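First the structure, in the form of structure tokens, and then the observations on it.
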Amino acid sequence: MTTVRQRRVAKGTEAAEDQPSEKNVKPDGKILSGHTGRRLWNILSITVGGIVAISLGLLTSVYVATLHENDLWFSNIKEVEREISFRTECGLYYSYYKQMIQAASIQQGLHGLVYDNKTESVRTINILERMNVYQEVFLSILYRILPIQQYLEPVYFYIYTLFGLQAVYVIALYVTSWLLSGTWLSGLLAACWYITNRIDTTRVEFTIPLRENWALPFFAVQIAAITYLLRTHLQPVQERLTLMAVFIATFLFSLTWQFNQFMMLIQALALFILDCFDMLPTAKVTWLYIIQISGLLLVCVLQFFNSMILGSLLISFNASVLITRTIQKNLKKGGLLNRLGKLILHVLLVLCSTLLINKFIKKILNLESDEHIFKFLKAKFGFGATRDFDANLYLCEEAFGLLPLNTFSRLSDTLLFYVYIFVLFFMTVAAVIVAFQNLSGSNQVQFMKKMGECTITLKPDAAYNLIHTVLFGCLALSTMRMKYLWTSHMCVFASFGLCSAEVWKLTLKCIHLYTSQRTHVIKYSVPIITLLYISYKFWPGIMDELSELREFYDPDTVELMNWIKSDTPNTAVFAGSMQLLAGVKLCTGRTLTNHPHYEDKNLRERTKQVYQIYAKRSPEDVYRILRSFGTDYVILEDSICYERRHSRGCRLRDLLDIANGHIMDGLGENEPDLKTSLYPRFCEEIKKNLPSYTIHFTRVFQNKTFHVYKLAKHK
């Protein structure tokens with residue numbers, strides 16, 4: 001492990017420092033010491049910094065809440081419009097909160113979630129096992145027991161909680177930057193960058209119930225706690241309390257997002273890399289591995305032993321690292337070549353054992369819940385084309401594509417990206433040098449010590465945040481939806497570097513201008529100038545944004561939901577697109593054939609079958625498929641049937657044609673083995689009211705966007 005080195009002093013000097021020197025003693029014997037003054041100054045600085053952190057967090061919450069209100073006029077629209085505004089999977093998650101609120105008792109509400117037969121028709125599923133909705137359960141119980149029902153509607157209690165978590169998020173980012181740099185000015189700059197780059201750092205104001213909006217604040221708290229844990233010279237009590245904070249944050253992060261295991265796997269890789277190069281204390285890294293495993297296993301228990309968690313790569317990887325480290329001893333001893341050889345062997349052992357353990361667990365559990373993710377990754381990174389419907393569904397979504405280049409231009413407007421690259425460059429150079437020093441052994445270290453001031457060091461907390469931002473940056477570049485994990489930490493990392501004495505010291509030494517006084521001046525003046533620039537350029541825009549008023553408007557969907565509630569039985573089963581059906585469940589409480597929570601193999605197969613309503617299939621085939629799921633009504637959407645949003649080959653109807661082996665519509669190339677379908681496209685042909693269709697389907701509702709057909713019940 002490499003830390004900031006301090007020059008050794010003679011024992012006599014140490015002894016002398018324990019006694020007050022003569023020049024610090026007044027003639028009357030009183031000791032003049034700056035210790036009390038420094039302590040008071042530190043207390044004042046922490047107090048002011050803490051007040052600024054809390055104030056910025058609360059202001060951010062008010063800011064996003066105001067944007068949400070101004071964009072939808074949420075306080076003035078009807079309840080059905082409010083619920084429709086929770087689009088796609090957001091509506092599905094909120095529906096369980098609504099279900100718990102409306103239940104006769106908490107026990108009955110929980111029973112309805114554990115034995116749910118309305119989310120997937122002709123099936124009873126355990127919602128608490130399948131989905132990460134404990135936050136909805138907790139909030140609904142809290143709302144029921146608190147005396148606030150007459151003052152606050154359930155929907156406001158829900159959205160205000162999410163907006164309140166944004167305060168936690170910003171405070172955690174602020175504290176992380178403060179811990180790294182040693183000054184709360186860095187935290188102030190991080191928070192300001194987070195707010196001014198809101199388009200790229202959060203989407204909470206228009207996707208409120210999304211799982212990441214619950215999880216990312218806890219992830220930021222975990223990073224702040226890890227940053228503090230990796231500081232040197234912590235007292236045992238401080239270390240134990242920090243480990244507890246890391247565990248609680250890890251557990252809450254894991255509980256609130258189904259993709260937690262993949263994010264923490266990247267985090268575990270960061271710890272593994274740093275531990276291999278001896279840049280972190282091994283004991284603390286071990287504790288972090290154990291915390292990740294224990295937090296995930298606790299979530300597994302709460303989710304009724306969800307097999308996807310047990311079969312996660314994170315558990316296999318962390319177990320492999322701990323086992324391999326026990327077997328392969330003396331890993332961090334020897335010269336450069338010896339260390340490199342051991343390191344390569346160690347990495348190979350860990351990777352092989354990870355794959356073997358994961359394969360073994362999945363074989364025993366017969367686990368296939370996450371296979372669509374690996375098919376998607378295989379196709380995305382060019383390991384062969386695929387006709388798999390689920391993989392192509394992800395590949396064709398913009399959110400799962402590469403990070404657009406205009407993201408960097410927006411980040412550059414606030415100077416964030418420029419500063420980030422500057423800090424990243426110098427920190428990476430320092431990390432490479434330190435890693436080489438550590439691998440070179442004791443002789444090289446002794447040689448570097450003789451160089452005194454030329455020695456480059458990297459503190460463990462800074463090293464962790466460096467690798468963290470690099471790995472999550474790679475994730476964001478490859479998958480746009482994950483950019484929010486990177487851009488928020490980018491604010492932390494850039495502000496830390498701009499306020500860091502170590503970074504400026506290294507920079508000034510490279511251009512032969514280093515003095516301690518100059519470093520001190522620059523590390524405060526540059527951040528202040530940056531803050532003034534951001535305030536001058538973006539404050540008017542923020543004020544204009546807050547004054548812009550819009551209103552929710554989706555009359556076709558409102559008309560559809562009102563018709564379903566008034567003209568169909570409560571037990572009716574609806575088929576349609578995943579996104580629309582989530583709204584149907586929330587607004588009407590009707591039973592669904594499929595929904596947007598895609599982490600289940602049977603549901604993915606069911607969704608592909610239901611989507612044959614947009615494929616080239618016979619009316620008999622479509623009727624048979626829909627009736628097998630107990631469907632009473634099917635909703636067809638013109639926006640899907642005649643889709644123009646995606647290019648040819650990525651439209652939903654094209655994906656279905658390819659999966660079914662049919663030639664796609666329109667001009668363009670087709671793969672040679674695709675054949676012309678014997679039947680026209682179902683969603684188009686059914687509107688002609690031909691006898692072969694009307695015998696099975698009767699149109700019962702129509703507007704400019706939706707067509708609803710009732711299925712005949714043949715004996």
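Just so it is clear, glycine is given a Cβ too, placed from its N, Cα and C backbone atoms.
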- [ ] Looking at the candidate ranges 159-177, 216-234, report the one that TrEMBL labels transmembrane segment.
- [x] 216-234
- [ ] State the non-local partners of the transmembrane segment (340-361) in its own chain: residues 6+ outside its ends, Cβ under 8 Å from one of its Cβ atoms.
- [x] 272, 276, 310-311, 313, 315-317, 319-321, 323-325, 327-328, 330-331, 334, 367, 439
Open item on the list: Short question: most Cβ pairs under 8 Å with the transmembrane segment (462-480), which of 40-65, 216-234, 311-328, 415-441, 486-508?
Closed with: 486-508
- [ ] Determine whether the transmembrane segment (263-280) and the transmembrane segment (415-441) share at least three Cβ pairs under 8 Å, counting only pairs 6 or more apart in sequence.
- [x] yes
